[in-house]
Amino acid sequence: MGPLQFRDVAIEFSLEEWHCLDTAQRNLYRNVMLENYSNLVFLGIVVSKPDLIAHLEQGKKPLTMKRHEMVANPSVICSHFAQDLWPEQNIKDSFQKVILRRYEKRGHGNLQLIKRCESVDECKVHTGGYNGLNQCSTTTQSKVFQCDKYGKVFHKFSNSNRHNIRHTEKKPFKCIECGKAFNQFSTLITHKKIHTGEKPYICEECGKAFKYSSALNTHKRIHTGEKPYKCDKCDKAFIASSTLSKHEIIHTGKKPYKCEECGKAFNQSSTLTKHKKIHTGEKPYKCEECGKAFNQSSTLTKHKKIHTGEKPYVCEECGKAFKYSRILTTHKRIHTGEKPYKCNKCGKAFIASSTLSRHEFIHMGKKHYKCEECGKAFIWSSVLTRHKRVHTGEKPYKCEECGKAFKYSSTLSSHKRSHTGEKPYKCEECGKAFVASSTLSKHEIIHTGKKPYKCEECGKAFNQSSSLTKHKKIHTGEKPYKCEECGKAFNQSSSLTKHKKIHTGEKPYKCEECGKAFNQSSTLIKHKKIHTREKPYKCEECGKAFHLSTHLTTHKILHTGEKPYRCRECGKAFNHSATLSSHKKIHSGEKPYECDKCGKAFISPSSLSRHEIIHTGEKP
């Protein structure tokens, strides 16, 4: 068996046959010949360019070529090597199948095969589709073979034989690099690009490169907005048929892929594979920029955009930009109010399927992920990861504007809005806007009047569980958060954070109206109401109005006469915790609030504020 040459895998047309082809068919021929050649080059079988390929690349007719001109310089790889790559079939047949396969992809109605012509006058185009394959012979094959399983038609026995391998479990084409096997040679060729890193298909719109032309075609639909694959059940549309196929499983409710470790079931095997890495702790995908590792390649791809800062997806409604198209799609629902994902247990609806999935765990009550440091258990591994930062003190997310660092990226995102003034989450009831959706959710409970969280100690009720947790510390006297500067302790971490600014003197929040600066954004917001004279909080008992809801709450106690805050030192009772805190300083002699002008110290910030008016001459 001699050395393999390009002419062994080339398809030839006579002059009469060439004239029978229309423009699209001639282009198809050119593409197939060029593809056959590139595949041989890829395998190292062809070492020089045949004249036929040079002519085709220049757009010339192949008819000017003679048979002997197709011969490339002899290859050092003989066809014995080729037979090892193609067990049970000849390399020539493997490439000659491409023309027929390409025609089949054009669809039944558009399939046109050329009959053998005796002369130009007798030449006819056969358009009978698959049913007519038995009635004619093509330019390259003379017999017709049919698949017993699905009736697919082939013009060579080897092509038919190769097709039948698909119905068996045989995978004769093995990758030398990693050992992975495939049932088609073309799939092996495609697979090899993973090892070479070759990405020859580039998007003209954004410059992104792909290994496969099909992936590029799918990607282009992101820019055009085209979603040709539509679900018959819910009308949801997708850019790729594979995504539609995965989506359709949701409607069946089937979850055949079950995790042996925790029993969780999935509707896709790929999702189960990803899930298993949670249990193994495997993170094979590492970021070259920062060294962070991930258990999924898609997560690494998403992560890389943090370093590039790329945000190509912009909301037409508010101008906000996003790294990923799916996040933009979810974001748009904030503006439309659409919440398509509903919980079957409690009826609560969500804008994202991921939020619904997390919510559903609440009903299950399972907490698989336990903190080794404190024993606290969590429903999700991601929440455990975030929780661990409480113990380590790690704050990896830093604000470029003011340098403040945060434990969580979501907290940084919300914080940034304090600099921009952006408040995208608006209450439909009163029009009040917020920087975070969670703050809006908490606020909305105020309008319902519900206070489901009740203190067993004093009977006081709250509309948020977190508020009850904070309140309970008043009764226990627990103050776990201590200031390293002065030793003062607090029952809330947020109170300690606010307190620390007293020592640093930092006042990053400035009023544009009068120039007064504050160490907390919330204090600035409260202050601004002095200029607007806005008093939205009104007492139902006496009609008195207040700038702040906290002032109204404090005021209401005057009507009830309630004094739940008692000093352990002298037994005196107060209706506000802040008043009790100020009172305690009388016993301790502590005066932490000092006047910058004269050095006089006070036990409370309000006393200092009143004193400072002496220096300014301000008459409120």
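Note: Cβ is positioned from N, Cα and C throughout, glycine not excepted.
If you look up Swiss-Prot, you'll see 4-75 marked as domain 'KRAB'.
If you look up Swiss-Prot, you'll see 145-167 (among others) marked as zinc finger, on the strength of sequence analysis.
Here Swiss-Prot flags 173-195 (among others) as zinc finger, drawing on sequence analysis.
What Swiss-Prot records for 201-223 (among others) is zinc finger. For the zinc finger (201-223), the model's average pLDDT works out to 86.
Residues annotated as zinc finger in Swiss-Prot, with sequence analysis given as evidence: 229-251 (among others). Under 8 Å from some Cβ of the zinc finger (229-251) lie the Cβ atoms of residues 218, 221-222, 267-268, all in the same chain and six or more residues away from its ends.
Using a Cβ-Cβ cut-off under 8 Å and counting only residues 6 or more beyond its ends in the same chain, the zinc finger (257-279) has close neighbours at 246, 249-250, 295-296, 368, 381. Marked as zinc finger by Swiss-Prot: 257-279 (among others).
For 313-335 (among others), the entry in Swiss-Prot reads zinc finger. Sequence-distant contacts of the zinc finger (313-335) (same chain, at least 6 residues past either end, Cβ-Cβ under 8 Å): 222, 302, 305, 351-352, 424-425, 437.
Annotation source Swiss-Prot lists zinc finger at 341-363 (among others), citing sequence analysis.
The zinc finger annotation in Swiss-Prot covers 369-391 (among others) and is backed by sequence analysis. Taking DSSP states H, G and I as helix and E and B as strand, the zinc finger (369-391) has 11 helix, 4 strand, 8 coil.
Residues or ranges marked as zinc finger in Swiss-Prot: 397-419 (among others).
As annotated by Swiss-Prot, zinc finger applies to 425-447 (among others). Within the same chain, residues 334, 414, 417-418, 463-464, 536, 549 sit at least 6 positions outside the zinc finger (425-447) and bring their C-beta atoms closer than 8 Å to a C-beta of that stretch.
Taking Cβ pairs closer than 8 Å, the zinc finger (481-503) reaches residues 470, 473-474, 519-520, 592-593 in its own chain, all 6 or more past its ends. Per Swiss-Prot, zinc finger is recorded for 481-503 (among others), and the stated evidence type is sequence analysis.
The annotation zinc finger is assigned in Swiss-Prot to 509-531 (among others).
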